[in-house]
Every structure is written in structure tokens, then in C-alpha cells.
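Written below as C-alpha cells is the structure these notes are about.
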Amino acid sequence: MNDRRSLDAALAELPADMSGADRALVSALAYGVLRDYRRLEALLAPKLSRKPQPLLRALLLVGLLQLEAMRIPPHAAVHATVSAAAMLKLGRARGMVNAILRGHQRDAAAADSSELAVGVRYGYPDWVVRMIEADWGSLWPAVLAAGNRPAPMHLRANARQCSRHTAMQRLAEAGIASQAVRVCDSALTLDSAISARDLPGFASGEISIQDAGAQLAAGLVAAQAGDHVLDACAAPGNKSAHLLERADIDLLALDIDATRLETLNETLQRVGTTARVQVADAGDIEHWWDGRAFDRILLDAPCSGTGVIRRHPDIKWLRRPDDIAAAAKRQNALLDGLWRTLAPGGRLVYATCSILRAEGVDVIDAFLARTDDAREQVIDAHWGFAERYGRRIAPGMHGFDGFYYAVLERDAA
Ligand SMILES: C[S@@+](CC[C@H](N)C(=O)[O-])C[C@H]1O[C@@H](n2cnc3c(N)ncnc32)[C@H](O)[C@@H]1O
């Protein structure tokens, strides 16, 4: 966490020859500690007489997590953690690890978590708790708690290749139970998660893995055959692929990150579609725009990611309070730049996986106030909550990740 690397980037460095089961366990331990980091820290602190070195501290947190939140028999959890101390050349600390974990087992039954400070109890930095409280009113405890629950696995049926119904039948034939997601017609949810390589139809592009809340974007863009469409922040390409699956459009997919665009190319190839793909700063239109106006633009803006904390608990600890205002500034600048490339009568969909107003309705409010030829198109939908402009979704609502969407239209010339 010190280098602000994401958890996914750190897990990508696990040894290539590690077994799938070990990989899954390491991943569950890392995600679990980050989800519950503050509470585990609060449990550990009184048991220490001095500050342990970082590796030992991390090991103790992993040990406590196993005792607190995982279905691992306590004696096995203590034994494995003590053994790991030796493997990590922390042999001299084995006695201490053993004593702390055994002591915790004894004390745990008597512990009363209601006395913990709110941020510790819910496992969030205080500044995030304050922002969620301010933005979500009485829903704030539910919003925080939802960010600590594992997310369901949603799939998207590729309309070019099969109906959602057919996709579900094929999964059922392979013994994989799924259900249709009510308010999103391309989405289905699996009863239990499964790796992509074991999903029938994934390699051939019939189905893709994508949160159902994220699948709402393509329907809001509502591009028609022949439309000239821009996906301005497109990588790793899930929404681009969905846009292309829905209609024969002429899509330009931009992203500032060349490595992430490689994943986009792989995704488009897998689902059997093509787009023009370009590395660019979307806001810097002089450098990439050829002057041909777009009928539709999707701006899936870079944001705090506070709506996807349940999938990426490291976000809680990687973000800093200043990041929110900085993100809002970038979002405003992207909107201003991209608006100039939108055709009169065209539509721009603004999306973020943030649940903070500063990156959602406040951005749109300010944009509409300074942009004469922009109008909000009210989203008439059965998902999320209506905001002054746009709609936002709380994490876990309908099973979705947290999102904000607004639809803007440019006055006809
Ligand atoms: C929320 S992600 C997009 C997810 C993508 N739309 C999808 O559904 O797979 C935001 C993306 O914006 C990109 N980005 C950030 N700043 C940008 C900029 N100035 N211009 C273009 N892309 C940018 C990031 O590299 C990141 O890939």
C-alpha cells in the first residue's frame, strides 16, 4: 500500500507456477485484510508492546483475519500463521505470533464491536465515512456495509451472438446456475463465481464478465447503426465491446493508457468486433480529433472508484481526501473538451463508478450552468435514485456496483 500500487497489480506478481487453489487463498486473504483493515488493526494494536516490522504486522493481520472472518478452523489458522512466520524468516517472532493469535481466540468471544469508532467498525478511513454520510443521508451505514460485501458475478450476453435466454441455457447445460437481472436486459448473474476460462462461451465472445450496473451505459448511449461514436475513456474495453455488440456503429475508442488499451484490443477481438483504437488524452482534442463530430459520446470518466470498493477494497486505502477534488477537476475538463466534438443534436453519457456527489451530480450541475447548448435528458428508469441531474446507484442496489449516470444532449443547430 505504501507505493499506491493496486491490489490487482500486486497479485499479478504471484509466481506463475503457483496452483489455482493457493492463488485463490492468497487473493482471499489479501482482499479480506483490505476490506477489514481498520478493524483488524484496532484488534491488533492493544496486543503489541512495540511496533512490529511491516512484514510481521502484515502476517499478524492475515492471522487475525482468518480467526475473525474466514471459515478456517482456529487451530489451523494459528498453526499456518506461525509456520508462515518461519518461512518468511521471522522465526524469532513465532512465539509472539502464537501468543497473540491464541490470546485473540480467548478474548474474541467477549469483544463488543459497537464500542469501536464508526470508521473502525465499518473498516473505512474517517474522511470516506464523512463524505458518504454527507452524500447518502440515512443510507450511509448501508452504503458502507455494502462496500464490505463480496460482489456477485455478472455476465453480459453478446446480442450479436445469442440472446440472454440462450446464454443462460448454455450455462445450465454446463451445470452453471444463473438468473436474469431484472432491470438490465443484457445481464445475468451467477449463483457462484467461476473463472473466465471455465465459462462456456467466454472464449468465443458469447458472454463477457461485466457488472450489470456497468451494462446500463450502452443502453443510455443508445447508439444506432451507422452512428459515429466516441468512447472517450475506453480501456479495458467492456463498455466499448457492449456498444459494438448492440449496433453496427463506427466507434473510436480512446484511452490515455496504452497498456490498458491492449486489453481493450483483446476484448474486442474476443467478442468479434472492431473499432478504431487510439492512445490519447481525451480532453486534449487538438491532438486526436479529426473534426468529424460524434453522434454519441460515452465519457466513462476516471474517478475515485468508491462505487466499486466491494470489488477493490484497496481503493479505501489508496485514495487520499485531495483525490476527490482533483478527480472532479479532471472530469469537468474532460466534459468541456469533449463537448466541442459532439454534433448538434448529439448525446453524451457521463458515467462514473463513484458514489460521491462531487464526482457525479455536482460535476453535471456545474457543467450545465456554464454550457449554453447543453440540456439534461432525464433518465426514465427503474434503477437507482433520481438526482437533481442524472441517477445514482448505491453499491449492492439491484446487486449492482455503485454508479452515477447522466445523459446530456446538445441543442440542434
Ligand atoms: C473507469 S475507467 C474506464 C472503463 C471502461 N470504460 C470500461 O468499461 O472498460 C477510466 C479510464 O479512463 C482512462 N483515462 C484517464 N484519464 C484519461 C484521459 N485524460 N483521456 C483518456 N482516458 C483517460 C483510464 O486510463 C481508464 O482506463
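Cβ coordinates come from backbone N, Cα and C, glycine included.
If you look up TrEMBL, you'll see 143-411 marked as domain 'SAM-dependent MTase RsmB/NOP-type'.
If you take the C-beta of Lys239 (S-adenosyl-L-methionine binding site) and look for same-chain residues 6 or more apart in sequence within under 8 angstroms, you find Ala214, Ala217, Ala218, Asp231, Leu298, Asp300, Ala351. According to TrEMBL, the feature S-adenosyl-L-methionine binding site maps to Cys233, Ala234, Ala235, Pro236, Gly237, Asn238, Lys239, Asp255, Asp281, Asp300.
Following the DSSP three-state reduction, the secondary structure of Cys353 (active site, nucleophile) is coil. Counting only residues at least six positions away in the same chain, the Cβ atoms of Ala214, Cys303, Gly305, Thr306, Gly307, Val308, Asp401, Gly402, Phe403 sit under 8 Å from the Cβ of Cys353 (active site, nucleophile). Taken from TrEMBL, the feature active site, nucleophile covers Cys353.
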| note | Gly237 (S-adenosyl-L-methionine binding site) falls, by DSSP collapsed to helix, strand or coil, into coil
| remark: In the domain 'SAM-dependent MTase RsmB/NOP-type' (143-411), averaged pLDDT is 97
